[in-house]
Ligand code: HAM
């Protein structure tokens, strides 16, 4: 058997491939990225990029030592049989904050909005919508704690999703407070769970000492049952005055702007850097456990990485999961058309002339040519498969007269056009 791609990865395929689904179609990824670009850049976000691998220490300190990502899902980078302490990035935010600090972005006007898209890597148990290499669109804002920034970030996310045609989506919004609120909540959870230690999964026993809030995010059914039985109080009840006022203001803006959301008093994100506003975007067709997008505020992260303090907030969605949701909602991508002009020689000696005419036509149109001669009937069939708008035939008469015999594939209109007038003719027919 030929070599296969690694488990948990996908090829992005050309349109028309057998076994094509929306989440493996290269053009669909492009469509999502273009839509996100349009919405985010309209709001002033600048496109950036960071390396696909980073210091393991960055991810450990950024994402957090008690998270599944750091404990179980890191891809270590080996080279020359050694590893220099690098890992493939499991998410974008820690690397972007590093780039902020290293690049001196503090001098740029705040709030500074940036976005990136690219592959992320997590060695997860592979299942539908859960890959080892997946792709995120990531939006981050630096330099402001204003609740306006939080509300705008959520509004932009909703706008991207709407422009993509998604219907059954819900923003679940909560707050995980300031560090002291979290400490109080963790103390409460520790007291609550400790008498039931023997019923917790091994992972959650470990979470109880490191970061009890993580227990609420457990994938173990036994843990979830215990959580339900104990009637755990939500994080929102533990918010301090400042965090509560901030959260109320975020909600006020969203309501005022007509951005729909559901309050989720017990939101727990899968990464440790969050504080205050946190949210996820869910879709009925993809399953309650799989968020399409996660985001929140992370004001302490820069300091945690050893840098100067700078407040930050952002979100990232997984393009594959978004495409699964679009498929579930029956969203159709705009059909990409074939070449505007498809040139075919009627005899072998005119193939180079058809090629040359196509190359020149690329100055003003999307033009392709056939690499071998064909009879008109085959040329029309071939042009139809390629969804060409115009097919242009070049035989010995056309070659002698410097013309192309054009036929419109949809209307059947026919016209002999001198090569020198092709540009004007195609432009006119486009209007
Ligand atoms: P996250 O919730 O870990 O947050 O991931 C964001 C999104 O990436 C998820 O909602 C999901 O759509 C997608 N995703 C995550 N893991 C996988 C996977 N194994 N397979 C397919 N898709 C996946 C973050 O990554 C944060 N950096 C978001 C953020 C940005 N917070 C602030 N700024």
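Placed from the backbone N, Cα and C atoms, the Cβ positions cover glycine too.
Keep in mind it's a predicted model, so treat the numbers as computed, not measured.
Features of the protein shown, as given by TrEMBL:
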- 1-20: region 'Disordered' (REGION)
- 32-334: domain 'Aminoacyl-transfer RNA synthetases class-II family profile' (DOMAIN)
- 91, 92, 93, 122, 136, 140, 269, 273, 274: L-histidine binding site (BINDING)
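Everything TrEMBL records as a feature, shown here on the structure.
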residue	record	contacts (Cβ under 8 Å, 6+ apart)
91	L-histidine binding site	63, 69, 120, 136, 138, 271, 316
93	L-histidine binding site	62, 138, 140, 271, 273, 298, 301, 312, 314, 316
269	L-histidine binding site	176, 217, 278, 280, 294, 296
274	L-histidine binding site	176, 296, 297, 298
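DSSP assignment over the region 'Disordered' (1-20) gives 0 helix, 1 strand, 19 coil. In the predicted model, residues of the domain 'Aminoacyl-transfer RNA synthetases class-II family profile' (32-334) average a pLDDT of 94.
Taking a Cβ distance under 6 Å to any atom of ligand 1 as the criterion, the binding-site residues 91, 93, 136, 274 reduce to 91, 93, 136. Binding residues for L-histidine (91, 92, 93, 122, 136, 140, 269, 273, 274) extend across at most 21 Å, taking the greatest CA-CA distance.
Reduced to three states, the DSSP call for residue 136 (L-histidine binding site) is strand.
There are 24 other CB atoms within 10 A of the CB of residue 136 (L-histidine binding site), with all protein chains counted.
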